[in-house]
Amino acid sequence: MKKLLTVMTMAVLTAGTLLLPAQSVTPAAHAVQISNSERELPFKAKHAYSTISQLSEAIGPRIAGTAAEKKSALLIASSMRKLKLDVKVQRFNIPDRLEGTLSSAGRDILLQAASGSAPTEEQGLTAPLYNAGLGYQKDFTADAKGKIALISRGDLTYYEKAKNAEAAGAKAVIIYNNKESLVPMTPNLSGNKVGIPVVGIKKEDGEALTQQKEATLKLKAFTNQTSQNIIGIKKPKNIKHPDIVYVTAHYDSVPFSPGANDNGSGTSVMLEMARVLKSVPSDKEIRFIAFGAEELGLLGSSHYVDHLSEKELKRSEVNFNLDMVGTSWEKASELYVNTLDGQSNYVWESSRTAAEKIGFDSLSLTQGGSSDHVPFHEAGIDSANFIWGDPETEEVEPWYHTPEDSIEHISKERLQQAGDLVTAAVYEAVKKEKKPKTIKKQMKAKASDIFEDIK
């Protein structure tokens with residue numbers, strides 16, 4: 001769960017008035033002003049919204065290692081090439097895993113498979129349900145044989161519950177949560193293996209199953225799969241070894257979810273930022289990266305950072321990561337700059353400066369991980385994740401990791417605000433400073449400043 005711990009809240013000084021962070025979102029009044037000449041960075045939310053539609057509606061759930069994830073990667077790479085970026089594809093292996101479906105009485109139920117459990121036969125398993133309470137040995141009778149054991153979380157470890165069910169002759173195990181949650185629980189077998197399928201589901205779904213007679217479970221093993229990172233590079237002119245600024249977002253989703261906000265929104269805002277920033281003069285290299293397999297444990301970003309050379313690491317300056325920046329949930333009224341340690345860094349400072357320039361007053365510094373900024377931080381690179389959240393409950397949205405994470409719950413106003421702010425923040429980090437090229441010019445410039453002061 002992407003939760004937020006508020007550490008610092010920003011106050012903006014405008015015309016001598018102290019403005020506290022707003023608890024509601026208002027549309028941006030103008031495009032971002034990025035220089036004294038008031039040249040504009042025209043971030044367009046409608047472009048990002050269109051890309052979200054392609055990812056979440058035309059393609060749909062983008063589970064790591066699947067054809068849908070690869071189709072998304074092709075779309076992203078094509079978009080980057082149209083922007084004349086130098087595009088590279090970095091492939092990597094992902095761990096073997098189980099995925100599947102569960103249904104009962106004509107209703108599909110979201111599940112998470114336990115690592116270390118067995119798959120079902122290809123056709124799946126349809127069997128009567130056996131209510132095994134908390135899964136103690138005494139909870140199983142001879143009647144459990146050949147059935148699917150339905151067990152509540154609590155008291156015993158998941159492995160103990162599963163082994164007791166297997167010993168009693170159960171064909172599979174469904175463990176349901178004992179507390180409310182937005183997503184199904186994942187039973188942790190602590191590195192052990194069992195010979196029957198084991199899955200976890202939400203509390204409400206488990207309680208509903210106690211009233212049903214049978215269920216159908218299909219669990220398939222996925223092995224030898226790969227995912228890919230898509231990297232689009234904008235290089236500065238006439239600079240051999242520039243510092244590197246990273247703008248990143250993951251494009252995969254969890255099973256069943258169209259992933260409109262998580263994270264079609266971050267990917268789409270990143271691509272629109274690339275369009276806006278491609279022609280901006282800069283003395284730094286910008287790498288726009290769409291990471292694969294984030295939902296499996298930050299696999300894409302970890303692989304990328306692990307394979308940076310020593311020279312690249314020394315040149316790496318900062319990482320701006322975008323994850324869930326388009327929600328329409330009214331309560332998610334604060335845009336958080338989420339650092340792993342909760343401390344101010346280059347991302348926060350450039351974001352705060354950008355917010356002051358564009359008049360954005362709903363920005364807070366927070367502590368937290370669970371996204372692709374983490375590997376950069378661990379490598380010593382200043383990094384942060386941008387995400388909308390509710391300052392009261394720390395929740396991001398009620399549709400997180402569910403089939404309801406669809407384009408109907410995307411706000412163009414939130415996309416515009418996040419896009420304006422992060423684009424301006426990245427510009428603060430990469431803009432080309434005008435500096436005298438020679439000592440003579442530098443002395444002349446200083447003399448001119450003095451003359452201006454005494455006129």
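Even glycines carry a Cβ here, placed using N, Cα and C.
Residues or ranges marked as Zn(2+) 1 binding site in Swiss-Prot: His250, Asp262, Asp323. Neighbour count (other Cβ atoms within 10 Å of the Cβ, all protein chains): 30 for His250 (Zn(2+) 1 binding site).
Sequence annotations record features per position, and here Swiss-Prot assigns Zn(2+) 2 binding site to Asp262, Glu295, His401. Applying an 8 A CB threshold to same-chain residues 6+ apart, the list for His401 (Zn(2+) 2 binding site) reads Leu182, Val183, Val254, Ser257, Asp262.
The signal peptide feature in Swiss-Prot is assigned to 1-31; the stated evidence is sequence analysis.
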Nearest-integer angstrom distance between the alpha carbons (Cα) of Asp323 (Zn(2+) 1 binding site) and Glu295 (Zn(2+) 2 binding site):
12
Can you tell which of the binding-site residues (Asp262, Glu295, Asp323) has the fewest other C-beta atoms within 10 angstroms of its C-beta?
Glu295
Measure from the CA atom of Glu295 (Zn(2+) 2 binding site) to the CA atom of His250 (Zn(2+) 1 binding site) and give the result in Å, rounded to a whole number.
9
Which residues, in sequence order, are found in the same chain with Cβ within 8 Å of the centroid defined by the Cβ atoms of His250, Asp262, Asp323 at the Zn(2+) 1 site, excluding those residues themselves?
Ala249, Gly259, Asn263, Ser265, Gly266, Thr267, Glu294, Glu295, Leu322, Met324, Ser371, Asp372
For the Zn(2+) 2 site built from Asp262, Glu295, His401, further residues of that chain with CB within 8 A of the site's CB center:
Ser253, Val254, Ser257, Gly259, Asn263, Tyr400, Asp405
So, in DSSP terms, is His250 (Zn(2+) 1 binding site) helix, strand, or coil?
strand
